[in-house]
Amino acid sequence: MINKAIAKIFGTQNEREIKRLMPIVAQINALEPQVKQFSDDQLRAKTDEFRAKIQERLAKYEEAEHKNHALKEVLDEILPEAFAICREAGWRVLNMRHFDVQLIGGMVLHSGRISEMKTGEGKTLVATLPVYLNALSGRGVHVVTVNDYLAKRDSEWMGKLYNFLGLSVGVIVHDLDDDQRREAYRADVTYGTNNEFGFDYLRDNMKFELSDCVQREFNFAIVDEVDSILIDEARTPLIISGASEESTDKYQRVNVIIPRLEKGEEIEGREPGDKILTGDYVVDEKHKTITVSDDGWEKVEKLLGIGNIADPENWDLKHHVEVAIKAHALYHVDVEYVVKDGEVLIVDEFTGRLMPGRRWSDGLHQAVEAKEGVKVERENQTLATITFQNYFRLYKKLAGMTGTAETEAAEFDKIYKLEVVVIPTNRTLLRKENPDVVYRTEKEKFFAVADEIAKLSVSQQPVLVGTVSIEKSERLSELLKRKNIKHVVLNAKFHEREAEYVAQAGRLGQVTIATNMAGRGTDILLGGNPEFMAKQETLKKGVAQPVHAAGGEVDARPDDPNTVYWYYAGNEYVCPRAQWEEILAHYKTQTDFEHEQVKQAGGLFILGTERHESRRIDNQLRGRAGRQGDPGASRFYLSLEDDLMRIFAKEWVSTLLQRLGMEEGVPIESKMISRRIEKAQEAVEAQNFEARKHLLEYDDVMNKQRMAVYGLRRQLLEGLDQKELIIDEYVTEILGDLLDKFAPTEKHPEDWDIAGLKGEIFTRFGVDIIAEGVEPEKLNRMQLGDGIFDKLKERYEAKEQLIGNDQMRHHERVIMLSVIDQLWKDHLLNMDHLKEGIGLRGYAQHDPLVEYKRESFDMFEGMMATFKEQTVRYLYLMQIIDAATNMPVEIPRRRAPENVRELGPVLEAENAPEPQISGGNGQQPPQRRQQTSLDDLEKQFERKKKRELEQARMAGGGMPDAVQQVVRSGDKIGRNDPCFCGSGKKYKKCHGA
C-alpha cells in the first residue's frame, strides 16, 4: 500500500528512469538537422572519427581495468552523436527512422540492462543503436538470436546499415567451418544463435592450437528474446558428448516390463502426515517425478530375475527402471517429442519447434527410443558442458530485449544482475483483452473454440489460435475441417515455412493454428506481409535465383545497386532490383487496402486454448495482436481438465465444481477465475525459478573448476613457458609427498624407508638417487630433499639441453594438454555420477548441495594432483632415441649430439595408460613393450582431437531434467602469495595450479 502511494507521488522506478533519459533524447533530436546535412561520405567519416577518439582515450592507460572504465566514459560521451548518426543511416539505407522510444530502448541496452518493448515496436532496429556505438571500440559485439533464420535475416537486413557506416558484419550458423566462423567472429558485429555461440566456446576449449580457436574476447552481447534464452532455456545445459562403450541391451530389457507395472496413487495413511503408495508406482506430474512402491520393486525383481534391487550390483538397473517409468508415464509422443524417420526428436516446450541434434541425458532419451521401438542409440559421455547462465556471464557487458520480461524481473536481477526497463509504446495500445472462458471438459472447450472461429470467419477477422502441443493443434484442425473452415496448421511437424505462415496470419479471413510461441521474431502485419508475397512471386516466375545455384555462384555482389538479396525458407536468393521493386509495389498496394479492411473487422484476434505454466508465454501470445496502434483482441478458452488446472489447482477446481454444479457446455466467464489461474501460474513460476536456481547452484561449483581448467589450457595454448611451474611446483609437491611418506619428520633418520623412497623416485622420475651421488644416511630431512631436488632438476635440464629449449616447451605443452583433457573428461563423468546420487544424502539429514560442494572439491583436488603426477612422470620418462642406431641415448651433461629424435613412453594408447616402468638397482628403466615417438604420439592426439571436434561440430545439448568470473588485475601474484579468489590457499595451489 505504501509502495503504491509513493509511486503515485513520485512515479514508479521505471517512469523515473524514462524521465532521466529524456534529456539525452532531446540532445539526439537537436543534432538531427545538422546530421541530415552530411553527405554519405561525411556520415561514414564520423565512424573513423569516433574510433580515433576512443583509441586516443584508451592509449592513456595500461591496466585493463582502467581501460575498461575509460571506454565506458568515452562511449557515454559520444552516445548522442553516435545515435544521431546511426538514426540518419537507418533512414537513408533502410528507409526506417528510429522513434524517440526506440532511442530510449537503445540507451537501456547500452547501459547493460533489459529493454522490454512490445511486439511490433521495432526491437531489431533498436539494437542497431547500441551495436553501432559499442562496435566502435573494435572489441566486437555479439547479437544473439533464437534461431538461424533470424540470425541470417537480421545480419543481412541490419547489415546494410552497419556496412554503410563502415562496420563489418558476420553471422554464425550451423553449417560453417572453422575458417568461416573465425572470420565471422573477427567482424565488428557478429550475429548468431545462443547455441552456436555456446558450442563454439566449448569447442575452442578442446582445441590443441591457439590458431584453431575461433572466438575472441567476450565484450558485449545483446540477447534478442532474452527471456526465451536466459529463462526458458536456462535448464538446458549445452553438452558436447561422445558415444560411450556401454551396451544398449539393458534399455530393451527394462522396457518390456514397464507395461506390466500398475500405476497407483498416493493416499493418506492412518496417522497425520503418513502417505501410502498404492499400485507399483506413483506419478507426480507437478514435479515431473515418479516413486516406485515397495511392492513395485518386488515385482521388478521378479520380472527381471534379479536379487535385491538395492544391492550395489543392481543400482544401475534400478536407475534404468526409474527412467523407463518416466519415459512411459511423463513423456508423450506429439507432446514432448515426435518420432520422425525412425528417430525420436524433442519438441521445445516453449516454442513448439523440433530440436534435432538435442538428446535428453541420463538415459532418458534411450528409454524413450526403446518405448517407441526405434533404434536405441548409445548413451553419451560428456566431453564439455556449460549452462547458458554461466556462458553469458563471460561477457563484460550483457543486455537483452524482449516483449515480455517484467514478470521475470526478479530472476533477471538475482541471477544475471540485469535490470528490466519497460519502454513505452510509440502509439497507444488498442488491444482488447477479454476475460477467460472456462469449460468443464476439454472436449467442450474445443467445440466452443471451433464455434468461435466459425463466427469470426463470417466477419473475416483474422484469427491466430495458440495451442500447447502438436496433438492438440491437430485435434482442433480436425474440428475445423468438419466445419469446412479453411485454415493453416503450424506445429513442429510442419515448421519449415513457419515465418511465412505467421507473417501472413494477419490477412483478411486467415485462420492460423500454431503453438504458443511459433514465429517469434516475425511481425504479423494486418493485411499481410508484402515482402513475403513478393518473394514467393519472384520465385514462382523464376526472377529470383539462389545465390549458390547448382551451376555455380550467381554473378552478383551484395553491394551491387542493381540487385536485391534476401533469405527465404533458409536459402539466400538474389533478384534484379527493378523487377523486385515492381512486384513489391504491386503487393504493397494490395496489402495496404487489405490492412484497412482487417482494421474494420477488429484486427487480429488471438485465441488461446490453454494457459501456459508461465504468464510470460501467455503474454507473448497476446502480444501478437495490437502492434503499433493497430486494433486487436485476445481471449483464452480453458477447461478444468487442462494441465495447469488439473495439476496445480486441483483442490480449487474440485471446490468450484461442487459450488457451481457446472453443466455440460455451459462456460464460466469471470475475472475472479482469471485471477485464480494467474495465482496458480505464479506458484508454478516460483517452482520453476527454484529449479533453475538449484541447477545454477550446482553448476556454479562446476564453473569454478571449468574456469581453472580452461584457464590452464589457455596458458598452454598461448605458449607460456611452463618449466618453472613443472619444476618449482609440480616436482616440489610430488617430492614433498614422497618425503612425508618415506622420510617423515617425526621419525628418526635410521627409521626412514630409504629403499622405498629410492624406488618411488626411480619409478616416477627415472633417476637413481644413489647412483647420482645422494647419500641419505649422511643427510637430515631438509638436506635430503634439497639433494634429491637438485638431481631431478639437473636431469630435466639435461634432457632439455639434449633436444633443445623450443622442443622441450613444445612437448610440455602437448603432454600437459593431452593429460588435462583426458582427466577433465573423466572428471565430468565422475561429477555426473556424484550429482545422480547426491540427493540421497538428504535422507541422512545432510544438505545435498553442501555435500556436493565438498566432494566435488575433493574430486577436483584429486584430479589436479593426478594431472601433476602424470605430467611430471611422462616428461621425465620420455626417452631420447638416436636416429642412427634406434637405441636410447644416455642423458649426458653436455651438448646434445646430432641426429637424435625423441621417443616417449607417453600415452602409447589413445586413452593414456600409466607408463610401465620398473626401477631399482641403479639401472636405466627398460623401454616399454611398444614405444611411441612423440611425432607418432602427436599424430594420435591429432586424430583423437579431430574425432572429438567433429563430434563437437555436430553437437547438440543434453537436456537433464553465480559466481562471477574472477578477473585478476594489478601486479603479478607470486606463487606463494594468497590466491586472488579468496579461497585462503596459496596461489600455486589454487588458480595457479
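Note that Cβ sites are derived from N, Cα and C of the backbone, with glycine treated the same way.
The shown structure was predicted, so the numbers you read here are calculated from the model rather than taken from an experiment.
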(request) Check Swiss-Prot: it lists Gln102, Gly120, Glu121, Gly122, Lys123, Thr124 as binding ATP. Then name which of Asp451, Asp523, Asp592, Asp618 it lists for that same site. (result) Asp523
(request) Using a 10 angstroms cut-off on Cβ to Cβ distances, just flag whichever of Glu121, Asp523 is the loneliest among these binding-site residues. (result) Asp523
(request) Give me the largest Cα to Cα distance among Gln102, Gly120, Glu121, Gly122, Lys123, Thr124, Asp523, the residues the record lists as binding ATP, in Å as a whole number. (result) 17
(message) Centre the Cβ atoms of Gln102, Gly120, Glu121, Gly122, Lys123, Thr124, Asp523, go out 8 Å, and tell me which other residues of that chain have a Cβ in range of the ATP site.
(response) Met117, Thr119, Leu125, Val126
(request) Tell me the Cβ contacts of Lys123 (ATP binding site) under 8 Å, same chain only and six or more apart in sequence, or just say none. (result) Gly105, Ser115, Met117, Asp224, Met401, Thr402, Gly403
(request) Run through the Cβ atoms and count how many others sit within 10 Å of the one on Gly120 (ATP binding site). (result) 21
(message) Counting other Cβ atoms within 10 Å of each residue's Cβ, which of the binding-site residues Gln102, Thr124 comes out lowest?
(response) Thr124
(message) My understanding is the cutoff is Cβ-Cβ under 8 Å with a sequence separation of 6 or more in the same chain; which residues meet that for Gly122 (ATP binding site)?
(response) Met96, His98, Phe99, Gln102
